[in-house]
Amino acid sequence: MPTESGSCSTARQAKQKRKSHSLSIRRTNSSEQERTGLPREMLEGQDSKLPSSVRSTLLELFGQIEREFENLYIENLELRREIDTLNERLAGEGQAIDGAELSKGQLKTKASHSTSQLSQKLKTTYKASTSKIVSSFKTTTSRAICQLVKEYIGHRDGIWDVSVARTQPVVLGTASADHTALLWSIETGKCLVKYAGHVGSVNSIKFHPSEQLALTASGDQTAHIWRYVVQLPTPQPVADTSQQISGEDEIECSDKDEPDIDGDVSSDCPTVRVPLTSLKSHQGVVIAADWLVGGKQVVTASWDRTANLYDVETSELVHSLTGHDQELTHCCTHPTQRLVVTSSRDTTFRLWDFRDPSIHSVNVFQGHTDTVTSAVFTVGDNVVSGSDDRTVKVWDLKNMRSPIATIRTDSAINRINVCVGQKIIALPHDNRQVRLFDMSGVRLARLPRSSRQGHRRMVCCSAWSEDHPICNLFTCGFDRQAIGWNINIPALLQEK
């Protein structure tokens, strides 16, 4: 039997398509005339306050709309028939080439890319809607577990760092771009001491492990050690602020929503202007400083690409730690060992070991693709690093090749802090969010943020205070305020 050539077959299919399309158009036009006449007669018989000319125009417009929809419907039917035809051809070709029967799902994917795109859109929409529902439940749960307790408002500019004293009386310290550091009563929110010894932005604050001494780093290229004496005021009953946002969705806030400060809240508290010790060996901004275990030495990190180790008693430079290729962003010391970790804009962080006086070894951790904003120690041999590449990584000091856990976020991460006892990581973000994760990378909660409470601008830092009965997490940001939170850790871990 003679077979039909490919060109003849194609021409015949095109001819049949044009014929069916013309028949469809004729059927459409004839049906339009039949349908438009009936509504016109029905509408003309009804009472209406519209002028006849307006009603006639409306009828014509509705008729055009109906015709457009019908044309789309007919085109859809034509496309469905073409898809079926193409599926049959593909099935035949598939059997002829490899003898394998193609599945119906595979044929449809090959036949209609638009159908695949529509399916993907539906899936995306479904995922987005379900994610929104799940997020609403998580938000409600987070509000029950994470409650705002107190706001500390008094700085005249953004707050870079927040820290909690390790000795009695336990106070809160904040370091601000307004050239001051303030000490606060955690319970009352009252400013207790103001340090005004720097002539540049105060970039970090850390408390001595056993004495009433504070260490501040500044943009004036120095680090200061200064003594404070505080007397805590009588605590007042803390209002329950959790009900203020009950059932309220989180709302994006503008910079205009920052807390209003009519006057300098810190102006009536004692002011310290002269440090006990000034450390002056850097040639650039000192971005961070911390006490080594025992409190007899301190380490500083600077934009001059070096970290310096000082003797507290003599103020002398003991070691200058070089090796980073770009500005340093943070430094942190181990709570029980003579270890220091420094982070940098060169996408790395370095571990410096001072346990052996004769050997000062250094290890380089490479795992981020952007600025490492901070790296902090945890219990044991782990380090947690955060970066502008929107990731947080947990490392084992015994294996530097790859992290043991990676957390991916939707925003750059600033100075992180770890609740050592419970192994919970607090992540402050550029997008004003603060999220809590465990060491394995599982998200536990997100701190509530609405038009009434929470940070209005970028959150710069966080600090845990595991022993405080009222506030066990503090955050600070560019909105010039620090916030004390009560995190119900047992409930948080149980929910996980």
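Every residue gets a Cβ built from N, Cα and C, even glycine.
Annotated features in TrEMBL:
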{"type": "COMPBIAS", "residues": "1-13", "note": "compositional bias 'Polar residues'"}
{"type": "COMPBIAS", "residues": "22-31", "note": "compositional bias 'Polar residues'"}
{"type": "COMPBIAS", "residues": "32-47", "note": "compositional bias 'Basic and acidic residues'"}
{"type": "REGION", "residues": "1-50", "note": "region 'Disordered'"}
{"type": "REGION", "residues": "242-267", "note": "region 'Disordered'"}
{"type": "REPEAT", "residues": "152-194", "note": "repeat 'WD'"}
{"type": "REPEAT", "residues": "195-226", "note": "repeat 'WD'"}
{"type": "REPEAT", "residues": "279-320", "note": "repeat 'WD'"}
{"type": "REPEAT", "residues": "321-362", "note": "repeat 'WD'"}
{"type": "REPEAT", "residues": "365-405", "note": "repeat 'WD'"}
Residues of the parent chain within Cβ reach of the repeat 'WD' (321-362), under 8 Å, 6 or more residues beyond its termini: 284, 287-293, 299-309, 368-377, 383, 385, 387, 389, 397, 415, 420
Overall pLDDT of the repeat 'WD' (195-226), taken as the mean: 97
Leading contact stretch, 152-194, 195-226, 365-405 vs the repeat 'WD' (279-320) - CB distance under 8 Å: 195-226
Non-local residues, at least 6 beyond the ends, that sit with Cβ under 8 Å of the repeat 'WD' (365-405): 329-330, 332-335, 339, 341-345, 347-351, 411-418, 420-421, 423, 425, 427, 437, 439-441
Summary of DSSP states over the repeat 'WD' (321-362), given as helix, strand and coil counts: 0 helix, 26 strand, 16 coil
